[in-house]
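As given in Swiss-Prot:
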COILED    96-131  coiled coil
COILED    154-245  coiled coil
COILED    303-407  coiled coil
COMPBIAS  1-13  compositional bias 'Low complexity'
COMPBIAS  20-31  compositional bias 'Low complexity'
CROSSLNK  Lys104  SUMO2 cross-link
CROSSLNK  Lys120  SUMO2 cross-link
CROSSLNK  Lys129  SUMO2 cross-link
CROSSLNK  Lys139  SUMO2 cross-link
CROSSLNK  Lys223  SUMO2 cross-link
CROSSLNK  Lys262  SUMO2 cross-link
CROSSLNK  Lys294  SUMO2 cross-link
CROSSLNK  Lys313  SUMO2 cross-link
CROSSLNK  Lys373  SUMO2 cross-link
CROSSLNK  Lys439  SUMO2 cross-link
CROSSLNK  Lys445  SUMO2 cross-link
DOMAIN    103-411  domain 'IF rod'
MOD_RES   Ser7  phosphoserine
MOD_RES   Thr20  phosphothreonine
MOD_RES   Ser25  phosphoserine
MOD_RES   Ser55  phosphoserine
MOD_RES   Lys120  N6-succinyllysine
MOD_RES   Lys120  N6-acetyllysine
MOD_RES   Lys188  N6-succinyllysine
MOD_RES   Ser214  phosphoserine
MOD_RES   Lys294  N6-acetyllysine
MOD_RES   Thr426  phosphothreonine
MOD_RES   Lys445  N6-acetyllysine
MOD_RES   Lys445  N6-succinyllysine
REGION    96-131  region 'Coil 1A'
REGION    246-268  region 'Linker 12'
MOTIF     326-329  motif '[IL]-x-C-x-x-[DE] motif'
Amino acid sequence: MSTRTVSSSSYRRMFGGPGTASRPSSSRSYVTTSTRTYSLGSALRPSTSRSLYTSSPGGVYATRSSAVRLRSSVPGVRLLQDAVDFSLADAINTEFKNTRTNEKVELQELNDRFANYIDKVRFLEQQNKILLAELEQLKGQGKSRLGDLYEEEMRELRRQVDQLTNDKARVEVERDNLAEDIMRLREKLQEETLQREEAESTLQSFRQDVDNASLARLDLERKVESLQEEIAFLKKLHDEEIQELQAQIQEQHVQIDMDVSKPDLTAALRDVRQQYESVAAKNLQEAEEWYKSKFADLSEAANRNNDALRQAKQESNEYRRQVQSLTCEVDALKGTNESLERQMREMEENFAVEAANYQDTIGRLQDEIQNMKEEMARHLREYQDLLNVKMALDIEIATYRKLLEGEESRISLPLPNFSSLNLRETNLESLPLVDTHSKRTLLIKTVETRDGQVINETSQHHDDLE
């Protein structure tokens, strides 16, 4: 009789040892083993096949066949009809005892491993609870502190940005209005400058007219003076002539008195004198009238020129006052524009600095949020790994429980009583030789997944003969 014991542990396939654990992977393998056993012998026990379905953290599903079979080393047993071969029974009992001893040792080891697994599962559950508490605490802190602070600061920043945008728009509108006012004032200044230039040119022409009138007046005054001098000279000459004539008349009168016989010259002289006096009076009157007319014309022209000059001076003074007032207004508007531009530049600089600070704050908060997310993701991955390990350990525990229950049920079966067997004599030579083979078909199915989707699936068949 020969005995073959096949035992395997899915823990070694999953962890590689009592205290190690493998990382999760994205592939799964399904291994199915079917075992058929054909044996000859009256005392041969049927083989038992157990399938273990285990799940490791890497997603590997394996099926193993553990069978304990007892086979006879000879094709048949030669027994007498009324006698029992007790040596064969002793050999079977000895072999069965050895098998039971080995199974007890293996069960003891399995119990020790099972106790270690339970301790490890309890430790991992405690760690899992601690990590869950830390995760809930971090979630609560993130929701209560960081989220509120971030939202409040973002609202404050948005409010300040909106206020600065409104201030900037208002300042730009004021700047545009001031620019329009400045353009309008510049156009008005240009118009006033043109009018002033026209007034200055008119004033210059008036000044030339005044100068010409002054020259004409001086010329006329000189002419009047010369005429007055001429009139005085003519009057003096006339007086002298009159005196001479009177003297001549007196002399002639004396001569007439002396010489009565001479012709009467008094009447002739009187007539001549009257003629000269009438001519002189006429000339004097004409000269006075001409002088008066000329003087009146010159006075009127001078008055007109004086009025025009006075009006031009008044207009020039008015234009000068307007130019000064407009210059003052332009200077004031320039100062206001410069101050507004300076304020606008300062506001833009302050806005840029505040915006940069807000961007830095937002970036820092986003970095903190990203770090918190990464830390939460890391905790979630660790939690998932622990869950996978826990599931694997639960499946391993269930598997060992099934093994233990199967072994307990097998141990509780009664042993066969060889003394009560009704055996008959059999000729070994008359029995045909039957070649006993055990055919095992191994199906390996590999499925690769990524993000919950199947990306590759392969199947392999292996046939083994025993």
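Each Cβ is built from the backbone N, Cα and C atoms, and glycine gets one as well.
When Cα-Cα distances from Ser214 (phosphoserine) are compared across the recorded sites Lys120, Lys223, Lys313, Lys373, the shortest belongs to Lys223. For Lys373 (SUMO2 cross-link), the nearest neighbour among the recorded sites Lys104, Lys129, Lys139, Lys223, judged by Cα separation, is Lys139. In the predicted model, the motif '[IL]-x-C-x-x-[DE] motif' (326-329) shows an average pLDDT of 84. Cβ-based neighbour count (10 Å, all protein chains) for Lys294 (SUMO2 cross-link) stands at 14. Residues within less than 8 Å, Cβ to Cβ, of Lys104 (SUMO2 cross-link) and separated from it by at least 6 positions along the same chain comprise none. The DSSP breakdown of the motif '[IL]-x-C-x-x-[DE] motif' (326-329) into helical (H, G, I), extended (E, B) and coil residues amounts to 4 helix, 0 strand, 0 coil. Nearest by CA distance to Lys188 (N6-succinyllysine), out of the recorded sites Lys120, Lys294, Lys313, is Lys313.
With a cut-off of 8 Å between CB atoms and residues at least 6 apart in sequence, the same chain places Met376 near Lys139 (SUMO2 cross-link), listed in sequence order.
Of all the recorded sites listed here (Lys120, Lys129, Lys223, Lys294), Lys294 has the Cα closest to the Cα of Lys313 (SUMO2 cross-link). Long-range Cβ neighbours of Lys223 (SUMO2 cross-link) (same chain, at least 6 residues apart, Cβ-Cβ under 8 Å): Lys294.
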